[in-house]
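*Asks:* Please read through the structure below; I'll follow up with questions.
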Amino acid sequence: MLALLGATTLMLVAGAPWVLPAASGGTNLKSPENGSVCIIDDNFTLKWNSSSESVRNVTFSAEYKIPGMDNWKKLPGCQHITSTECNFSSVKLKNVYEKIELRIRAEKGNNTSQWHEVKPFIPFQKAQIGPPDVHLEAEDKAIIINMSPPGTKDSIMWAMDHSSFTYSLVIWKNSSSLEERTETVYSRDKIYKLSPETTYCLKVKAELRSPRRVGVYSPVYCINTTEKHKVPSPENIQIDAENQVYVLKWDYAYENTTFRAQWSHEFLKRIPGGHSDKWKQIPNCEDVETTHCVIPQNVFPEGIHRIRVQASNGNNTSFWSEEKMFNTEMKTIIFPPVISMKSVNDDSLHVSIGAPKESENKSVNQLYPLIYEVIFRENTSNAERKVVEKRTDFTFPNLKSLTVYCVKARALTENDKWNKSSVFSDTVCEKTKPGNTSKTWLIAGICTALFSIIVVIYVVKVLLRCINYVFFPSSKPPSTVDEYFSEQPVRNLLLSTSEEQTERCSIIENANSITVIEETNPIYEDPKKYNSQTSQDSGNYSNEDENSGSKIGEELLPQETV
(Lines of atoms letter the chains of each structure in order from A; the text may use other names.)
(Lines give C-alpha, C1' and ligand atoms only; values in the text may rest on other atoms or scores of the structure.)
Protein backbone atom coordinates (compact mmCIF):
# COMPACT_ATOMS: atom_id res chain seq x y z
CA MET A 1 0.00 0.00 0.00
CA LEU A 2 2.81 2.36 0.91
CA ALA A 3 4.61 1.46 -2.27
CA LEU A 4 1.55 2.35 -4.27
CA LEU A 5 1.18 5.73 -2.56
CA GLY A 6 4.85 6.49 -3.12
CA ALA A 7 4.53 5.75 -6.82
CA THR A 8 1.50 7.99 -7.09
CA THR A 9 3.29 10.82 -5.36
CA LEU A 10 6.31 10.48 -7.69
CA MET A 11 4.06 10.61 -10.71
CA LEU A 12 2.32 13.76 -9.53
CA VAL A 13 5.61 15.48 -8.76
CA ALA A 14 7.09 14.52 -12.09
CA GLY A 15 4.02 15.66 -13.97
CA ALA A 16 3.49 18.83 -12.03
CA PRO A 17 5.37 21.21 -14.44
CA TRP A 18 3.22 20.15 -17.41
CA VAL A 19 -0.10 20.24 -15.70
CA LEU A 20 0.28 23.17 -13.39
CA PRO A 21 3.22 25.30 -14.47
CA ALA A 22 2.07 28.35 -12.55
CA ALA A 23 1.88 26.34 -9.35
CA SER A 24 5.56 25.41 -9.70
CA GLY A 25 6.65 29.01 -10.28
CA GLY A 26 6.49 28.80 -14.18
CA THR A 27 4.94 31.29 -16.62
CA ASN A 28 2.26 30.74 -19.27
CA LEU A 29 3.91 31.29 -22.77
CA LYS A 30 1.91 32.93 -25.50
CA SER A 31 2.12 31.68 -29.06
CA PRO A 32 4.08 33.73 -31.69
CA GLU A 33 2.04 35.97 -33.99
CA ASN A 34 2.04 37.18 -37.59
CA GLY A 35 4.22 34.48 -39.01
CA SER A 36 5.35 35.09 -42.61
CA VAL A 37 7.76 33.76 -45.14
CA CYS A 38 10.15 35.78 -47.33
CA ILE A 39 11.82 34.04 -50.32
CA ILE A 40 14.50 35.71 -52.46
CA ASP A 41 15.90 33.35 -55.06
CA ASP A 42 16.76 30.23 -53.01
CA ASN A 43 16.93 31.98 -49.66
CA PHE A 44 13.99 31.07 -47.35
CA THR A 45 13.37 33.20 -44.29
CA LEU A 46 10.65 32.70 -41.68
CA LYS A 47 9.66 35.76 -39.59
CA TRP A 48 7.22 36.25 -36.72
CA ASN A 49 6.32 38.50 -33.84
CA SER A 50 6.85 37.42 -30.22
CA SER A 51 4.00 37.72 -27.70
CA SER A 52 6.29 36.94 -24.73
CA GLU A 53 8.74 39.83 -24.91
CA SER A 54 8.52 40.36 -21.15
CA VAL A 55 9.68 36.80 -20.55
CA ARG A 56 13.38 36.24 -20.71
CA ASN A 57 15.25 33.29 -22.17
CA VAL A 58 12.43 32.38 -24.54
CA THR A 59 13.36 30.48 -27.68
CA PHE A 60 11.38 29.53 -30.75
CA SER A 61 11.19 26.39 -32.83
CA ALA A 62 9.38 25.60 -36.11
CA GLU A 63 8.19 22.52 -37.93
CA TYR A 64 7.10 21.90 -41.52
CA LYS A 65 5.04 19.48 -43.54
CA ILE A 66 4.76 18.97 -47.27
CA PRO A 67 2.36 16.80 -49.32
CA GLY A 68 3.09 13.14 -48.80
CA MET A 69 4.16 13.56 -45.15
CA ASP A 70 1.92 12.24 -42.38
CA ASN A 71 3.78 13.86 -39.48
CA TRP A 72 5.37 17.23 -38.86
CA LYS A 73 9.16 17.46 -39.10
CA LYS A 74 11.55 19.86 -37.46
CA LEU A 75 12.45 22.75 -39.72
CA PRO A 76 16.25 22.88 -40.24
CA GLY A 77 17.77 26.19 -39.16
CA CYS A 78 14.72 27.09 -37.08
CA GLN A 79 15.24 25.21 -33.80
CA HIS A 80 15.62 27.02 -30.46
CA ILE A 81 16.05 30.42 -32.13
CA THR A 82 16.37 33.41 -29.82
CA SER A 83 15.48 35.99 -32.51
CA THR A 84 12.18 36.39 -34.33
CA GLU A 85 13.38 35.07 -37.71
CA CYS A 86 15.28 32.11 -39.07
CA ASN A 87 16.69 30.89 -42.37
CA PHE A 88 15.55 27.48 -43.56
CA SER A 89 17.22 27.51 -47.00
CA SER A 90 18.87 24.20 -46.15
CA VAL A 91 15.59 22.38 -46.57
CA LYS A 92 15.94 20.13 -49.56
CA LEU A 93 12.82 20.83 -51.59
CA LYS A 94 12.27 18.60 -54.56
CA ASN A 95 9.46 20.65 -56.01
CA VAL A 96 9.08 24.41 -55.59
CA TYR A 97 5.52 24.19 -56.94
CA GLU A 98 4.19 22.16 -53.97
CA LYS A 99 2.44 23.69 -50.99
CA ILE A 100 4.38 23.94 -47.71
CA GLU A 101 2.89 24.25 -44.20
CA LEU A 102 4.83 25.80 -41.29
CA ARG A 103 4.13 26.24 -37.55
CA ILE A 104 6.02 28.01 -34.74
CA ARG A 105 5.92 27.90 -30.96
CA ALA A 106 7.67 29.60 -28.07
CA GLU A 107 9.73 27.59 -25.58
CA LYS A 108 11.28 28.20 -22.19
CA GLY A 109 12.80 25.19 -20.57
CA ASN A 110 10.14 22.58 -20.53
CA ASN A 111 7.42 25.19 -20.88
CA THR A 112 6.02 25.62 -24.44
CA SER A 113 3.27 27.68 -26.05
CA GLN A 114 0.58 26.61 -28.42
CA TRP A 115 1.58 26.22 -32.08
CA HIS A 116 1.10 29.21 -34.39
CA GLU A 117 0.45 28.02 -37.93
CA VAL A 118 1.69 30.11 -40.86
CA LYS A 119 -0.54 30.43 -43.92
CA PRO A 120 0.41 27.66 -46.41
CA PHE A 121 2.33 28.84 -49.48
CA ILE A 122 3.88 27.66 -52.75
CA PRO A 123 7.58 28.59 -52.89
CA PHE A 124 7.71 29.61 -56.59
CA GLN A 125 4.75 31.93 -56.23
CA LYS A 126 6.18 33.46 -53.10
CA ALA A 127 9.73 33.89 -54.38
CA GLN A 128 11.23 37.22 -55.39
CA ILE A 129 14.04 37.70 -57.96
CA GLY A 130 17.23 38.79 -56.30
CA PRO A 131 19.87 41.13 -57.75
CA PRO A 132 22.31 39.71 -60.30
CA ASP A 133 26.03 39.59 -59.75
CA VAL A 134 27.64 42.28 -61.97
CA HIS A 135 31.14 42.56 -63.50
CA LEU A 136 32.22 45.53 -65.68
CA GLU A 137 34.89 46.14 -68.36
CA ALA A 138 35.61 49.54 -69.91
CA GLU A 139 36.33 50.69 -73.47
CA ASP A 140 36.68 54.25 -74.76
CA LYS A 141 33.02 54.66 -75.78
CA ALA A 142 31.42 51.57 -74.29
CA ILE A 143 31.17 49.44 -71.16
CA ILE A 144 31.02 45.66 -71.32
CA ILE A 145 28.76 44.19 -68.64
CA ASN A 146 28.75 40.57 -67.48
CA MET A 147 26.03 39.35 -65.14
CA SER A 148 25.34 36.10 -63.40
CA PRO A 149 21.66 35.17 -63.19
CA PRO A 150 19.91 35.47 -59.83
CA GLY A 151 20.20 32.50 -57.51
CA THR A 152 22.99 30.03 -57.07
CA LYS A 153 24.56 27.88 -59.73
CA ASP A 154 22.45 24.91 -58.64
CA SER A 155 19.34 26.99 -58.01
CA ILE A 156 16.10 25.04 -58.08
CA MET A 157 13.90 28.11 -57.89
CA TRP A 158 14.89 29.50 -61.34
CA ALA A 159 16.07 26.26 -62.90
CA MET A 160 13.39 26.49 -65.62
CA ASP A 161 13.95 30.21 -66.23
CA HIS A 162 17.73 30.40 -66.07
CA SER A 163 18.05 31.65 -69.67
CA SER A 164 14.80 33.64 -69.71
CA PHE A 165 15.98 36.56 -67.63
CA THR A 166 16.24 40.02 -69.09
CA TYR A 167 17.93 42.85 -67.29
CA SER A 168 16.93 46.44 -66.86
CA LEU A 169 19.91 48.73 -66.41
CA VAL A 170 20.03 52.32 -65.20
CA ILE A 171 23.27 54.18 -66.01
CA TRP A 172 24.33 57.75 -65.37
CA LYS A 173 27.43 59.91 -65.23
CA ASN A 174 28.84 60.00 -61.75
CA SER A 175 28.99 63.77 -61.94
CA SER A 176 25.28 64.10 -62.74
CA SER A 177 22.68 61.65 -61.54
CA LEU A 178 20.00 63.59 -63.42
CA GLU A 179 21.12 62.19 -66.80
CA GLU A 180 19.92 58.66 -66.21
CA ARG A 181 19.50 56.27 -69.10
CA THR A 182 17.57 53.01 -68.91
CA GLU A 183 18.31 50.10 -71.23
CA THR A 184 17.31 46.47 -71.52
CA VAL A 185 20.39 44.26 -71.73
CA TYR A 186 21.35 40.57 -71.71
CA SER A 187 23.61 38.75 -69.28
CA ARG A 188 26.63 39.69 -71.41
CA ASP A 189 26.13 42.89 -73.29
CA LYS A 190 27.65 46.22 -74.26
CA ILE A 191 26.50 49.72 -73.39
CA TYR A 192 27.36 52.08 -76.26
CA LYS A 193 27.37 55.83 -76.96
CA LEU A 194 29.47 56.80 -73.96
CA SER A 195 32.21 59.41 -73.63
CA PRO A 196 35.90 58.57 -73.19
CA GLU A 197 37.58 59.14 -69.82
CA THR A 198 34.31 59.53 -67.95
CA THR A 199 33.05 57.85 -64.77
CA TYR A 200 29.74 56.05 -65.12
CA CYS A 201 27.66 54.37 -62.42
CA LEU A 202 24.92 51.81 -62.90
CA LYS A 203 22.58 49.41 -61.18
CA VAL A 204 20.76 46.39 -62.60
CA LYS A 205 17.67 44.35 -61.84
CA ALA A 206 16.52 41.09 -63.39
CA GLU A 207 13.07 40.44 -64.83
CA LEU A 208 10.96 37.55 -66.05
CA ARG A 209 8.37 38.21 -68.71
CA SER A 210 6.31 35.08 -68.22
CA PRO A 211 5.11 35.02 -65.57
CA ARG A 212 5.65 38.73 -65.16
CA ARG A 213 8.02 39.23 -62.26
CA VAL A 214 10.46 42.05 -61.44
CA GLY A 215 13.47 41.66 -59.17
CA VAL A 216 15.27 44.04 -56.88
CA TYR A 217 18.12 46.32 -57.94
CA SER A 218 21.71 45.36 -57.42
CA PRO A 219 24.13 47.58 -55.52
CA VAL A 220 25.54 50.54 -57.50
CA TYR A 221 28.70 49.87 -59.53
CA CYS A 222 30.98 52.60 -60.99
CA ILE A 223 33.73 52.44 -63.65
CA ASN A 224 35.84 54.87 -65.76
CA THR A 225 35.90 54.64 -69.58
CA THR A 226 39.33 54.59 -71.24
CA GLU A 227 40.94 57.31 -73.33
CA LYS A 228 39.99 57.64 -76.99
CA HIS A 229 41.27 54.74 -79.06
CA LYS A 230 43.75 55.35 -81.88
CA VAL A 231 41.62 53.53 -84.45
CA PRO A 232 37.92 54.48 -84.16
CA SER A 233 35.24 51.83 -84.52
CA PRO A 234 32.97 51.73 -87.61
CA GLU A 235 29.54 53.28 -87.04
CA ASN A 236 25.97 53.09 -88.37
CA ILE A 237 25.99 49.44 -89.41
CA GLN A 238 23.23 48.60 -91.90
CA ILE A 239 22.31 45.49 -93.82
CA ASP A 240 19.82 45.38 -96.69
CA ALA A 241 18.55 42.70 -99.05
CA GLU A 242 18.92 43.31 -102.77
CA ASN A 243 17.75 40.60 -105.16
CA GLN A 244 19.42 37.43 -103.89
CA VAL A 245 22.23 38.99 -101.83
CA TYR A 246 22.71 41.07 -98.68
CA VAL A 247 24.62 44.33 -98.76
CA LEU A 248 26.39 45.25 -95.52
CA LYS A 249 27.26 48.95 -95.15
CA TRP A 250 28.90 51.13 -92.48
CA ASP A 251 30.29 54.62 -92.00
CA TYR A 252 33.98 55.39 -91.55
CA ALA A 253 35.72 58.73 -91.97
CA TYR A 254 39.37 57.64 -92.23
CA GLU A 255 41.30 56.31 -95.23
CA ASN A 256 43.92 53.56 -95.63
CA THR A 257 41.82 51.26 -93.50
CA THR A 258 40.64 47.70 -94.01
CA PHE A 259 37.60 46.10 -92.47
CA ARG A 260 36.29 42.70 -91.48
CA ALA A 261 32.82 41.62 -90.40
CA GLN A 262 31.58 38.73 -88.25
CA TRP A 263 28.20 37.26 -87.42
CA SER A 264 26.72 35.22 -84.57
CA HIS A 265 23.39 33.72 -83.59
CA GLU A 266 21.26 36.10 -81.58
CA PHE A 267 20.01 33.43 -79.16
CA LEU A 268 23.53 33.10 -77.74
CA LYS A 269 23.03 36.47 -76.07
CA ARG A 270 20.34 34.91 -73.90
CA ILE A 271 22.60 32.15 -72.62
CA PRO A 272 24.69 33.25 -69.63
CA GLY A 273 28.42 33.19 -70.07
CA GLY A 274 30.93 34.28 -72.72
CA HIS A 275 30.50 33.26 -76.35
CA SER A 276 33.34 35.11 -78.07
CA ASP A 277 34.38 31.91 -79.83
CA LYS A 278 30.94 31.64 -81.50
CA TRP A 279 31.50 34.60 -83.82
CA LYS A 280 32.08 33.60 -87.45
CA GLN A 281 33.81 35.40 -90.28
CA ILE A 282 31.47 36.61 -93.06
CA PRO A 283 32.61 35.59 -96.59
CA ASN A 284 33.49 38.49 -98.90
CA CYS A 285 33.78 40.79 -95.85
CA GLU A 286 37.37 40.17 -94.76
CA ASP A 287 40.17 42.70 -95.39
CA VAL A 288 37.93 44.83 -97.59
CA GLU A 289 38.98 48.42 -98.29
CA THR A 290 35.48 49.73 -99.03
CA THR A 291 32.79 50.59 -96.50
CA HIS A 292 30.50 47.87 -97.78
CA CYS A 293 30.54 44.23 -98.82
CA VAL A 294 28.16 41.90 -100.66
CA ILE A 295 27.07 38.70 -98.91
CA PRO A 296 25.28 35.76 -100.54
CA GLN A 297 21.99 35.04 -98.81
CA ASN A 298 22.86 31.39 -98.26
CA VAL A 299 25.61 32.41 -95.83
CA PHE A 300 23.08 32.97 -93.05
CA PRO A 301 20.68 30.29 -91.87
CA GLU A 302 17.11 31.31 -91.25
CA GLY A 303 16.62 33.22 -88.04
CA ILE A 304 17.87 36.24 -86.11
CA HIS A 305 21.56 37.09 -86.10
CA ARG A 306 24.00 39.78 -85.01
CA ILE A 307 26.70 41.45 -87.10
CA ARG A 308 29.71 43.49 -86.04
CA VAL A 309 32.51 45.25 -87.96
CA GLN A 310 36.10 46.05 -86.99
CA ALA A 311 38.57 48.49 -88.60
CA SER A 312 42.29 47.87 -88.97
CA ASN A 313 45.13 50.24 -89.78
CA GLY A 314 48.35 48.33 -90.03
CA ASN A 315 48.90 46.55 -86.73
CA ASN A 316 46.31 48.65 -84.93
CA THR A 317 42.72 47.53 -84.71
CA SER A 318 39.62 49.25 -83.41
CA PHE A 319 37.15 47.97 -80.87
CA TRP A 320 34.28 46.10 -82.43
CA SER A 321 31.43 48.25 -83.67
CA GLU A 322 28.01 48.28 -82.12
CA GLU A 323 26.32 44.97 -82.88
CA LYS A 324 23.55 45.10 -85.48
CA MET A 325 20.71 42.62 -85.13
CA PHE A 326 18.87 41.50 -88.25
CA ASN A 327 16.25 38.92 -89.15
CA THR A 328 16.79 37.01 -92.36
CA GLU A 329 13.04 36.61 -92.72
CA MET A 330 12.47 40.34 -92.47
CA LYS A 331 15.26 41.17 -94.89
CA THR A 332 13.97 38.89 -97.63
CA ILE A 333 12.43 40.80 -100.53
CA ILE A 334 9.00 39.82 -101.79
CA PHE A 335 8.86 40.33 -105.54
CA PRO A 336 5.73 41.45 -107.38
CA PRO A 337 3.60 38.67 -108.91
CA VAL A 338 3.12 38.07 -112.62
CA ILE A 339 -0.45 38.69 -113.82
CA SER A 340 -2.22 37.18 -116.83
CA MET A 341 -5.83 37.80 -117.81
CA LYS A 342 -8.09 36.43 -120.55
CA SER A 343 -11.70 36.82 -121.54
CA VAL A 344 -14.09 33.94 -120.83
CA ASN A 345 -17.78 33.63 -121.67
CA ASP A 346 -19.50 36.85 -122.65
CA ASP A 347 -19.06 39.01 -119.56
CA SER A 348 -16.18 37.56 -117.47
CA LEU A 349 -12.42 37.89 -117.18
CA HIS A 350 -10.22 35.17 -115.68
CA VAL A 351 -7.15 36.34 -113.74
CA SER A 352 -4.13 34.14 -112.99
CA ILE A 353 -1.36 35.10 -110.57
CA GLY A 354 2.07 33.52 -110.88
CA ALA A 355 5.36 33.87 -108.99
CA PRO A 356 8.19 35.73 -110.72
CA LYS A 357 11.40 33.90 -111.52
CA GLU A 358 13.37 35.88 -108.94
CA SER A 359 11.22 34.63 -106.07
CA GLU A 360 10.94 30.97 -107.00
CA ASN A 361 12.41 29.92 -103.67
CA LYS A 362 10.75 27.23 -101.61
CA SER A 363 12.07 28.57 -98.32
CA VAL A 364 10.58 31.99 -99.03
CA ASN A 365 7.18 30.47 -99.77
CA GLN A 366 7.35 28.45 -96.59
CA LEU A 367 8.34 31.43 -94.49
CA TYR A 368 5.81 33.77 -96.03
CA PRO A 369 2.36 32.42 -96.83
CA LEU A 370 1.20 35.04 -99.32
CA ILE A 371 -2.08 36.69 -100.16
CA TYR A 372 -2.68 39.07 -103.05
CA GLU A 373 -4.17 42.53 -103.19
CA VAL A 374 -5.75 42.98 -106.64
CA ILE A 375 -6.75 46.35 -108.13
CA PHE A 376 -9.34 46.00 -110.92
CA ARG A 377 -10.79 48.84 -112.99
CA GLU A 378 -12.33 49.75 -116.31
CA ASN A 379 -9.73 51.19 -118.67
CA THR A 380 -11.64 54.43 -119.24
CA SER A 381 -12.53 54.94 -115.57
CA ASN A 382 -10.54 55.89 -112.47
CA ALA A 383 -12.92 54.02 -110.14
CA GLU A 384 -10.94 51.08 -108.74
CA ARG A 385 -12.22 47.85 -107.27
CA LYS A 386 -9.93 46.32 -104.63
CA VAL A 387 -10.07 42.66 -103.63
CA VAL A 388 -7.80 40.49 -101.46
CA GLU A 389 -7.40 36.91 -102.66
CA LYS A 390 -5.54 33.93 -101.27
CA ARG A 391 -6.22 32.02 -104.49
CA THR A 392 -4.03 32.46 -107.54
CA ASP A 393 -6.89 31.89 -110.02
CA PHE A 394 -10.19 33.72 -109.87
CA THR A 395 -12.78 35.35 -112.14
CA PHE A 396 -14.41 38.77 -112.34
CA PRO A 397 -18.02 38.15 -113.52
CA ASN A 398 -20.86 40.40 -114.70
CA LEU A 399 -18.76 42.79 -116.76
CA LYS A 400 -19.69 44.93 -119.73
CA SER A 401 -19.34 43.35 -123.14
CA LEU A 402 -16.68 44.59 -125.55
CA THR A 403 -15.07 46.69 -122.79
CA VAL A 404 -11.39 46.92 -121.86
CA TYR A 405 -10.56 46.20 -118.20
CA CYS A 406 -7.18 46.50 -116.48
CA VAL A 407 -5.74 44.71 -113.43
CA LYS A 408 -2.61 44.88 -111.26
CA ALA A 409 -1.66 43.11 -108.02
CA ARG A 410 0.89 42.93 -105.24
CA ALA A 411 1.85 40.17 -102.81
CA LEU A 412 1.31 40.55 -99.05
CA THR A 413 2.40 38.36 -96.15
CA GLU A 414 -0.59 36.57 -94.71
CA ASN A 415 0.76 36.95 -91.17
CA ASP A 416 0.49 40.54 -89.95
CA LYS A 417 3.51 39.91 -87.75
CA TRP A 418 5.90 40.45 -90.68
CA ASN A 419 3.91 43.22 -92.38
CA LYS A 420 5.77 42.82 -95.68
CA SER A 421 4.54 43.45 -99.21
CA SER A 422 5.83 43.70 -102.75
CA VAL A 423 5.44 46.55 -105.16
CA PHE A 424 2.55 46.37 -107.63
CA SER A 425 2.95 44.27 -110.76
CA ASP A 426 2.71 45.62 -114.29
CA THR A 427 -0.81 46.54 -115.36
CA VAL A 428 -2.47 44.02 -117.69
CA CYS A 429 -5.52 44.92 -119.83
CA GLU A 430 -7.99 42.71 -121.71
CA LYS A 431 -11.21 43.24 -123.68
CA THR A 432 -14.35 41.28 -122.87
CA LYS A 433 -16.12 39.23 -125.54
CA PRO A 434 -19.35 40.42 -127.24
CA GLY A 435 -22.56 39.46 -125.48
CA ASN A 436 -25.87 38.19 -126.97
CA THR A 437 -27.17 41.72 -127.52
CA SER A 438 -23.98 42.63 -129.30
CA LYS A 439 -24.32 39.62 -131.58
CA THR A 440 -27.85 40.64 -132.52
CA TRP A 441 -26.69 44.13 -133.32
CA LEU A 442 -23.77 42.70 -135.27
CA ILE A 443 -26.05 40.55 -137.42
CA ALA A 444 -28.42 43.46 -137.97
CA GLY A 445 -25.47 45.63 -138.92
CA ILE A 446 -24.20 43.08 -141.42
CA CYS A 447 -27.65 42.74 -143.03
CA THR A 448 -28.01 46.50 -143.22
CA ALA A 449 -24.59 46.80 -144.79
CA LEU A 450 -25.42 44.17 -147.43
CA PHE A 451 -28.71 45.87 -148.27
CA SER A 452 -26.97 49.21 -148.50
CA ILE A 453 -24.39 47.73 -150.89
CA ILE A 454 -27.13 46.35 -153.15
CA VAL A 455 -28.92 49.70 -153.20
CA VAL A 456 -25.67 51.50 -153.99
CA ILE A 457 -24.90 49.09 -156.82
CA TYR A 458 -28.37 49.57 -158.29
CA VAL A 459 -28.12 53.36 -158.06
CA VAL A 460 -24.68 53.35 -159.65
CA LYS A 461 -25.92 51.13 -162.45
CA VAL A 462 -28.85 53.45 -163.19
CA LEU A 463 -26.57 56.46 -163.04
CA LEU A 464 -24.12 54.89 -165.50
CA ARG A 465 -26.98 54.09 -167.87
CA CYS A 466 -28.11 57.73 -167.81
CA ILE A 467 -24.56 58.92 -168.40
CA ASN A 468 -24.15 56.58 -171.36
CA TYR A 469 -27.49 57.69 -172.76
CA VAL A 470 -26.54 61.37 -172.56
CA PHE A 471 -22.89 61.32 -173.54
CA PHE A 472 -22.63 58.09 -175.52
CA PRO A 473 -25.93 57.68 -177.50
CA SER A 474 -26.58 54.47 -179.45
CA SER A 475 -26.50 54.43 -183.30
CA LYS A 476 -29.74 52.50 -183.37
CA PRO A 477 -32.91 54.53 -182.70
CA PRO A 478 -35.30 53.50 -179.99
CA SER A 479 -37.93 50.91 -180.84
CA THR A 480 -40.73 53.49 -180.87
CA VAL A 481 -38.97 55.47 -183.52
CA ASP A 482 -38.18 52.34 -185.46
CA GLU A 483 -41.82 51.33 -185.54
CA TYR A 484 -42.89 54.81 -186.58
CA PHE A 485 -40.54 54.78 -189.54
CA SER A 486 -41.41 51.29 -190.66
CA GLU A 487 -41.24 51.93 -194.40
CA GLN A 488 -38.04 50.77 -195.92
CA PRO A 489 -36.98 53.86 -197.85
CA VAL A 490 -37.51 56.06 -194.84
CA ARG A 491 -35.66 53.63 -192.67
CA ASN A 492 -32.82 53.69 -195.15
CA LEU A 493 -32.62 57.43 -194.72
CA LEU A 494 -32.60 57.22 -190.95
CA LEU A 495 -30.31 54.27 -190.52
CA SER A 496 -26.64 54.45 -191.34
CA THR A 497 -25.27 51.01 -191.00
CA SER A 498 -22.81 48.99 -192.95
CA GLU A 499 -25.42 46.47 -193.93
CA GLU A 500 -26.91 46.46 -197.43
CA GLN A 501 -30.63 46.72 -197.99
CA THR A 502 -32.18 43.80 -199.85
CA GLU A 503 -35.25 44.24 -202.08
CA ARG A 504 -37.48 41.28 -202.76
CA CYS A 505 -38.82 40.80 -206.34
CA SER A 506 -41.08 38.09 -207.63
CA ILE A 507 -41.17 36.84 -211.24
CA ILE A 508 -44.20 34.91 -212.23
CA GLU A 509 -43.50 32.83 -215.26
CA ASN A 510 -46.63 30.90 -215.12
CA ALA A 511 -49.53 30.43 -212.89
CA ASN A 512 -48.01 27.55 -211.15
CA SER A 513 -44.54 28.84 -210.20
CA ILE A 514 -43.28 32.04 -208.75
CA THR A 515 -39.56 32.85 -208.72
CA VAL A 516 -38.26 35.29 -206.12
CA ILE A 517 -35.33 37.42 -207.17
CA GLU A 518 -33.43 39.43 -204.64
CA GLU A 519 -31.51 42.48 -205.62
CA THR A 520 -29.28 44.25 -203.31
CA ASN A 521 -28.45 47.89 -203.34
CA PRO A 522 -25.91 49.53 -201.12
CA ILE A 523 -27.61 51.21 -198.24
CA TYR A 524 -25.23 54.06 -198.30
CA GLU A 525 -26.25 54.90 -201.87
CA ASP A 526 -27.90 58.27 -201.90
CA PRO A 527 -31.19 57.99 -203.90
CA LYS A 528 -31.06 61.64 -204.73
CA LYS A 529 -27.63 61.34 -206.34
CA TYR A 530 -27.71 59.49 -209.62
CA ASN A 531 -26.34 59.89 -213.11
CA SER A 532 -28.07 59.58 -216.41
CA GLN A 533 -27.39 55.95 -216.78
CA THR A 534 -28.75 55.27 -213.42
CA SER A 535 -31.79 57.29 -214.21
CA GLN A 536 -32.29 55.40 -217.43
CA ASP A 537 -31.74 52.08 -215.85
CA SER A 538 -34.02 53.06 -213.12
CA GLY A 539 -36.63 54.02 -215.55
CA ASN A 540 -36.28 50.88 -217.43
CA TYR A 541 -36.35 48.94 -214.33
CA SER A 542 -39.44 50.74 -213.30
CA ASN A 543 -41.10 50.17 -216.60
CA GLU A 544 -40.17 46.59 -216.68
CA ASP A 545 -41.36 46.27 -213.19
CA GLU A 546 -44.62 47.91 -214.04
CA ASN A 547 -45.04 45.83 -217.15
CA SER A 548 -44.17 42.73 -215.32
CA GLY A 549 -46.53 43.63 -212.63
CA SER A 550 -49.31 44.21 -215.11
CA LYS A 551 -48.54 40.95 -216.81
CA ILE A 552 -48.58 39.12 -213.63
CA GLY A 553 -51.80 40.77 -212.79
CA GLU A 554 -53.29 39.76 -216.08
CA GLU A 555 -52.20 36.22 -215.63
CA LEU A 556 -53.49 36.09 -212.11
CA LEU A 557 -56.84 37.63 -212.83
CA PRO A 558 -58.26 34.70 -214.81
CA GLN A 559 -57.19 32.36 -212.08
CA GLU A 560 -58.90 34.48 -209.48
CA THR A 561 -62.08 34.53 -211.56
CA VAL A 562 -61.91 30.81 -211.90
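Heads up, the Cβ atoms here are built off N, Cα and C, so glycines get one too.
TrEMBL: automatically predicted annotations, no manual curation.
TrEMBL lists these features:
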SIGNAL    1-15  signal peptide
DISULFID  C78-C86  disulfide bond
DISULFID  C201-C222  disulfide bond
DISULFID  C285-C293  disulfide bond
DOMAIN    335-435  domain 'Fibronectin type-III'
DISULFID  C406-C429  disulfide bond
TRANSMEM  441-464  transmembrane segment
REGION    525-562  region 'Disordered'
CROSSLNK  K528  ubiquitin cross-link
CROSSLNK  K529  ubiquitin cross-link
*Asks:* By a Cβ-Cβ criterion of under 8 Å, what residues six or more beyond either terminus of the transmembrane segment (441-464) are in contact with it?
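*Replies:* Same-chain contacts beyond the flanks: 434.
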*Asks:* Of all the disulfide-bonded residues given, namely C222, C293, C406, which is spatially nearest to C86 (disulfide bond) at the Cα level?
*Replies:* C222
*Asks:* Cα-Cα separation of C285 (disulfide bond) and C201 (disulfide bond), in Å?
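*Replies:* That separation, Cα to Cα, works out to 37 Å.
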*Asks:* Mind tallying the domain 'Fibronectin type-III' (335-435) by DSSP state, helix then strand then coil?
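*Replies:* So the counts come to 9 helix, 48 strand, 44 coil.
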*Asks:* Can you tell me the CA-to-CA distance separating C429 (disulfide bond) and C201 (disulfide bond), as a whole number of Å?
*Replies:* 67
*Asks:* How big is the gap, in Å, between the Cα of C406 (disulfide bond) and that of C293 (disulfide bond), rounded to a whole number?
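*Replies:* Here the two Cα atoms are 42 Å apart.
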*Asks:* Select one residue from C201, C222, C293, C406, C429: among these disulfide-bonded residues, choose the one with the most other Cβ atoms within 10 Å of its Cβ.
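*Replies:* Buried the deepest by this measure is C293.
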*Asks:* Could you round the CA separation between C201 (disulfide bond) and C293 (disulfide bond) to a whole angstrom and send it over?
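*Replies:* Cα to Cα, C201 (disulfide bond) and C293 (disulfide bond) are separated by 38 Å.
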*Asks:* For C222 (disulfide bond) and C78 (disulfide bond), determine the Cα separation and express it in whole Å.
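*Replies:* C222 (disulfide bond) and C78 (disulfide bond) have their Cα atoms 39 Å apart.
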*Asks:* Give me the long-range Cβ neighbours of C78 (disulfide bond): same chain, 6+ apart, Cβ under 8 Å, in sequence order.
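*Replies:* Same-chain residues close to C78 (disulfide bond) (Cβ under 8 Å, separated by 6 or more) are L46, F60, S61, A62, C86, N87, F88, I104.
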*Asks:* Measure from the Cβ of C86 (disulfide bond) and count the other Cβ atoms within 10 Å, all protein chains considered.
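*Replies:* By my count, 22.
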*Asks:* In this predicted model, what is the average pLDDT of the domain 'Fibronectin type-III' (335-435)?
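*Replies:* Taking every residue in the domain 'Fibronectin type-III' (335-435) and averaging pLDDT yields 81.
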*Asks:* Would you count the other CB atoms within 10 A of the CB of C285 (disulfide bond), including those on all shown protein chains?
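*Replies:* Around the Cβ of C285 (disulfide bond), 21 other Cβ atoms lie within 10 Å.
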